[in-house]
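Read through the structure below, which is laid out as structure tokens, and then see the notes.
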Amino acid sequence: MTPWLGLVVLLGSWSLGDWGAEACTCSPSHPQDAFCNSDIVIRAKVVGKKLLKEGPFGTMVYTIKQMKMYRGFTKMPHVQYIHTEASESLCGLKLEVNKYQYLLTGRVYDGKMYTGLCNFVERWDQLTLSQRKGLNYRYHLGCNCKIKSCYYLPCFVTSKNECLWTDMFSNFGYPGYQSKHYACIRQKGGYCSWYRGWAPPDKSIINATDP
């Protein structure tokens, strides 16, 4: 069993006799949470792919050209291949070859990077400016904060390190305005709050670079 198949067993709602496309079930995740909870975060272009006969449906291995690494320097400083389940019903990811640059997040198992539908993966040209800035420095600053999902009212923060995430029931839906334009960052006084702005909240501790 590959690492991703094991994860699907925990997250999905399927049985061995039911391999429908609805088997892959993922909880919504703010891009900052996806960043902080990933071993690897990179921008890359897919330049090739190969199907390996592993597991019930195989494993798809994508060859990539890494453009930039945002997280994972000590885990795997240079990524050449990413692994995913070949079947979308097992949360396998389908990527275009020689077409787009992608923002890819994933985990490292046995020296290999794995990703899937439950990871934050997006075409680079579809990321907002705030999301690109978040990848460079803002998300990292907020990894000690907690983004608390709110699915229905009333909901409240219960500690000073929480930001209330309300995209799921807002008019914008998911991914919504907070996902696209805000980062949850610790401010003066030790409280975490949503931040959006062209300048970093504290220039003395941030190495601000353009996306």
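The backbone N, Cα and C atoms fix where each Cβ goes, glycine too.
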Look at the disulfide annotations in Swiss-Prot and name the partner of CYS155 from this list: CYS150, CYS163.
CYS150
CYS145 has a disulfide partner in Swiss-Prot; which of CYS91, CYS118, CYS192 is it?
CYS192
Name the residue range among 16-19, 24-27, 76-79 that Swiss-Prot annotates as region 'Involved in metalloproteinase-binding'.
24-27
Name the cysteine that pairs with CYS36 in a disulphide bond per Swiss-Prot, restricting the answer to CYS118, CYS143, CYS163.
CYS143
Please name the residue among the disulfide-bonded residues CYS36, CYS192 whose C-beta has the most neighbouring C-beta atoms within 10 angstroms.
CYS192
Taking the Cβ of ASN37 (site 'Involved in metalloproteinase-binding') as the centre, count every other Cβ atom within 10 Å, in any protein chain shown.
13
Out of CYS24, CYS184, CYS192, give those recorded positions positioned within 10 angstroms of CYS118 (disulfide bond), comparing C-alpha atoms, in sequence order.
CYS24
For ASN37 (site 'Involved in metalloproteinase-binding') and CYS24 (Zn(2+) binding site), the CA-to-CA distance in whole Å is 20
Pull out the disulfide-bonded residues from the set CYS26, CYS91, CYS184, CYS192 whose C-alpha sits within 10 Å of the C-alpha of CYS36 (disulfide bond).
none
Since the record lists CYS91, CYS118, CYS145 as disulfide-bonded residues, which of them has the fewest other Cβ atoms within 10 Å of its Cβ?
CYS118
